[in-house]
């Protein structure tokens, strides 16, 4: 036993240092590996007469990949191949691009785990066509054509449905030998009349009943058995009425019902695997063509003066705007187009569609598609697609990271309007008397202020040189660049299916109240065991894991939770976690860069002021890309720094790109490998009840 324990010690120490294999660590690895390889290619592709150093090559590659947009050299001076490489990196570093592959990988994992389910779904789609044909013949009969009244209507037993044949309920003998053949449900929403009351009186159930009435009338000839029926049949139509909790969490489900729920998630992933790539491609394709054609026809002078083809400038700017990079091939960014309303409006829409308004636009598209299908097709046509779209709209965070329920989406709309309005009004008011702004026409000033408000949060473009703005606007922009990701990030984590686990509350923590029996239980044993299990972890490993937050921002380690601690506000904890995650990195980066740039500060204290350094670091950390620049150059302020400072800023950009990721526990990024996730979902429901009851007990005490 001692030998085996000794042989296992080195691997355990190694695991304490190495990051866990999860979505966040894979995301880091993807960005680091791609940046290192692309920087070598970029550096080797330099023109012999205008050689770019490896440091600048690495900086540009990291800036493009992280969608930051800062540049240490004028992009008009690099070769066409280097421009194309930056263009590809901008696309491959997009959050939507990463989410597309996340959906594809999860869909493939579902197919591997539920091979029988996928096979049955294909048979079901084939048989669905015959049922649709039968329905159409009956419709023709109602119009005076020959009928098929002799044929009885199909029953539940004849229609492919999500039914587990002869499956005993959990806890009964013979469960291990239960068949695993699962098919898909006809619809995830039952007709209200077919099920008895479940004892639930929640807003979710009332909303469900309303949706059930809208989806369609009850079909003739359907017979459904209750859960206690002899055949053990069940339908997904009852699951959604009685088991959905907050954050689309389903509890008290049997194994077969869990597999049926997985079938609905698989169908949703199949739909998203088509809609999200189409959204990603069509927005950029239309935007790039629209910009390229307009610039070629109306304003070809600015790109030609920089040695750039007008079509290529429109394509590059379109992709950069949609992916919120802020990079442009023009030396003066968008200043030459500050009076071109078409360019500003088009790029402003692309900026919104690719980032801050992406969840809003995507939900609007799905909702509009469902309404259009419902209005233009028969009830029996495209039933699978309509039911799947309804499932996605009702439970979006089970299948996709950047799609939220209705109430949270409206909250995002409100925050989008509020923050952009603040930036817009501040630009107009705080620049009163500013010569750089007063020289603009009234229409250009209004449009430039609106575009700058859209771009400052994440777009990274500018139509007026930042140093020419009054200092109040610059301070406001610094704040906005930092909090730009907060609305979506907080919504992302607040709607996580495993919210209690993301808060750091685990079943191993002491729970003073036993939920099942209602009796008090010992609270020190499991907590002590957890502490002892962690005591052997090396200090280096703990520091390493805490520093890089491999499980996500705002996730606390498991610890003893008192009644007061368990009732902490989720939003408050996420803000505290975000500040703890960000501030020490920002402070350390500013301190190191200011120390390295001491010689430049002594030579030019105005240009290399501490505020300018803070502005550049926050812009890099927020992956925004606007810069105060240099008085004698067109590239970013970082272009005048020493090599070490540029490398520090590369690390800041990489860190900042990962600040708004979902936690590693997020349901929408986890693979359905085994039953572990189902157990965690049931556990999270028990924890929520535990926290609620403890809160009530604390209030009464």
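Cβ coordinates come from backbone N, Cα and C, glycine included.
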- TrEMBL record, transmembrane segment, of the ranges 242-266, 317-341, 342-366, 367-391 the matching one is 342-366
- Item | Stretch carrying transmembrane segment according to TrEMBL (options 56-79, 80-103) | 80-103
- Quick tally over 21-43, 342-366, 410-430 of CB pairs under 8 Å to the transmembrane segment (475-492) gives the top stretch as 410-430
- Folded-back contacts onto the transmembrane segment (410-430), same chain, C-beta under 8 angstroms, at least six residues removed: 352, 356-357, 359-360, 404, 445-446, 448-450, 452-454, 456-457, 469-470, 472-473, 476-477, 480, 483, 487-488, 491
- Is the transmembrane segment (342-366) packed against any residues at least 6 beyond its ends, judged by a Cβ distance under 8 Å, and which are they? 94-96, 275-276, 279, 283-284, 287, 290-291, 294-295, 298-299, 317-318, 321-324, 334, 389, 392-393, 396, 402-404, 406, 409, 412-413, 416, 447-448, 450-451, 454-455, 457-459, 461, 463, 484, 487-488, 491
